[in-house]
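Participant: I'd like to ask you about the structure that follows.
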């Protein structure tokens, strides 16, 4: 039996008595195809997260280098992190907890708590967007005020280059989170169609992994911003 024929035959036909070598062949083909599909998904997710990691690590290192060079040449000018950004970070952590609970509930076939946790995560993500926008608007206003105060000084030309790197990567993070937020909405849609259960819930798992990952990236950015200025 060829591989193409095997993939299209009825499961009963596969389980019919056959010689020992054929049964082993069928088992190996089934084992390979099922696990290979899963490994391809995990591999794709790992590549996606790795590419984001390289992007953000490179950007944050560039920010540290620029700020260090400016600190050696000029008196550094620091921004103050608005309270809204700390609040949004707490919401992000709570969302990480709730989506992990969703993974737990679906793996134990508890459909209603599973959907409740997904809905809670979606609400927390929406609140994160709103408060994050408020915090960034305050940060940009502070940035504008500092530029006005430096107008005509020797630091005026150097200041925007340092924070331009940071603001760029904050926006890049927001874009990736927006994509993950849309994916969460798709997962919720499938959850209400009962397409996830204790055997198949890879989409929920992937959504949780991406949420945790982006949360870690954001916390690292915020701490770096807080420590370096």
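Glycine residues also receive a Cβ, built from the backbone N, Cα and C atoms like all the rest.
Where the annotation comes from TrEMBL, it is an automatic prediction and has not been curated.
Features from TrEMBL:
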type	residues	note
TRANSMEM	43-65	transmembrane segment
DOMAIN	43-229	domain 'Heme-copper oxidase subunit III family profile'
TRANSMEM	85-106	transmembrane segment
TRANSMEM	118-141	transmembrane segment
TRANSMEM	161-188	transmembrane segment
TRANSMEM	200-228	transmembrane segment
Participant: For the transmembrane segment (118-141), what are the same-chain contacts with Cβ under 8 Å, counting residues 6+ beyond its ends?
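Facilitator: Contacts with the transmembrane segment (118-141): 79, 81-85, 87-88, 91-92, 94-95, 98-99, 102, 167, 170, 174, 177-178, 181, 184-185, 187-188, 191, 204, 211.
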Participant: Please work out whether the transmembrane segment (85-106) lies in contact with the transmembrane segment (43-65), by counting C-beta pairs under 8 angstroms that are 6 or more apart in sequence and asking whether there are at least 3.
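Facilitator: No, these stretches are not in contact.
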Participant: Sequence-remote contacts (6 or more beyond its ends) of the transmembrane segment (43-65), Cβ cut-off under 8 Å?
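Facilitator: Non-local partners: 162, 165-166, 168-169, 172-173, 176, 206, 209-210, 213, 217, 220-221, 224, 228.
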